[in-house]
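In what follows, a single structure is set out as C-alpha cells and then discussed.
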Amino acid sequence: MVNTMKTKLLCVLLLCGAVFSLPRQETYRQLARGSRAYGDPHATCYKDQGVTYRGTWSTSESGAQCINWNSNLLIRRTYNGRMPEAVKLGLGNHNYCRNPDGASKPWCYVIKARKFTSESCSVPVCSKATCGLRKYKEPQLHSTGGLFTDITSHPWQAAIFAQNRRSSGERFLCGGILISSCWVLTAAHCFQERYPPQHLRVVLGRTYRVKPGKEEQTFEVEKCIVHEEFDDDTYNNDIALLQLKSGSPQCAQESDSVRAICLPEANLQLPDWTECELSGYGKHKSSSPFYSEQLKEGHVRLYPSSRCTSKFLFNKTVTNNMLCAGDTRSGEIYPNVHDACQGDSGGPLVCMNDNHMTLLGIISWGVGCGEKDIPGVYTKVTNYLGWIRDNMRP
C-alpha cells in the first residue's frame, strides 16, 4: 500500500508539476512573451530541428503525456521551467514539447515503465519548404467543365471512398486535400450518412478515379471529425478532417504525386479576380450520369464579396464562412465554363501565394455546374485555421 501511494504521488507531481515559486500570472506572462519573441504559439509542426517550435503539442512518440517543465522534480535537471534562460528556450509552466538543447527534434520529459526519462515528441515536421510545390503538366485534353490533368499537377488531391452499406465493395465518395502527412481536409456534407471511420479509405497520388496508379498511397481512416456546427441546410461550416491511420508518426510519403498543400496565413486576403485552380474527379456537367474517370482541373477567379451574396446565387444562403470563385472568360473562344460539379466536393481551391500553391477554399456547393456568371461556393479556409489546429492535436 505504501509503495502504491508513493507511485501515485510521484505521478501526480510529475504530471501536474506543482509550482510554488512563481505566481501563475507571471509564469503565463513570461511564456507568452517568450512565444512571441522566439516562435509561433499556434504552430502545429516544427521546422528544421524544432529549436524555435513554440506550439502546444504535449505527447511523446510513445503516446506518453509530457511532464510540466515547472515540475519540482525537474529542478535538478539541466533544462526546466525555472532556469534563467527558460523564457528564451520556450520553457515555463506548461508541458509542451520543446528542443532547448538542439536535439534532432522537440522532446519532453515523461514517465515510462514507472521511470522518469526524456523522449522525442510526435510533433509533425512542417512541410512549408515543399508544400504547395508541384511539377505542373500543361493539360492537353479539354473536357466539359475543365481540363483533364495529371495528379503531379495537383499532388495534394485526395480521393475518398466509402464501403457500400448494403452490398460488397466501395464507392467513390468525395475529394479531399492533403494538408500534412496524416491529415486530409474535406467537406462536412460528404459525411451526412455518418460513415464510421473504419468504412472509409483515402487514396493519394491517383490520376484516374478508380484505376490504381503506380505511385499511389492508400490509407485507412483513424478519425473522421465533422465540424460540430455544420448546417446541412445552408452548408455553413462545411468542413471536416480525416486522420489517416498509420503505425508511425509519418503517414503519407512525399513524392511528385503526393504532397501537402500550404495552409494560408489567417490574414491572407488575395485581390479580387485573382486566378486560382480547382481539381477533382466530379461530373463533367449536372446531367452527366457518371463521375469523371480522370482527374480534372479548372481555372477560376476569386469573386469580390459584393458578388458573393444571395442576390447572385438564386437567394441561397451565403455566410461569411464562404467565398465565391468562377470562370469569368466568355465568348466563342471559351464556350466551356470551368466549374466544380457533383463529386468534386471536398476538393481544393488553390491560389499562388509567395511562390507556393496555397489552399483558399474547399469545394462546397453551387447552383448547377458551369453556368455562365454564376460562381461556385467554397468553404473559406482562413476562417477555420484555429479549428483545424485544435482538432489535429493528439
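Cβ coordinates are placed from backbone N, Cα and C, and glycine is handled just like the others.
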Member of Cys16, Cys45, Cys224 annotated by Swiss-Prot as disulfide partner of Cys126: Cys45
Whichever of Cys121, Cys131, Cys369 is disulfide-bonded to Cys262 when Swiss-Prot is consulted: Cys131
Partner cysteine of Cys182 (disulphide bond, per Swiss-Prot) from Cys108, Cys121, Cys251: Cys251
Per-state residue totals over the domain 'Kringle' (45-126) - DSSP helix, strand, coil: 7 helix, 19 strand, 56 coil
Nonlocal residues around Cys121 (disulfide bond), in sequence order (Cβ under 8 Å, 6 or more apart): Trp57, Ser58, Thr59, Ser60, Glu61, Cys66, Cys97, Lys105, Pro106, Trp107, Cys108
His189 (active site, charge relay system), number of other Cβ atoms within 10 Å: 20
From disulfide-bonded residues Cys174, Cys182, Cys190, Cys262, Cys341, the one whose Cα lies nearest Cys126 (disulfide bond): Cys262
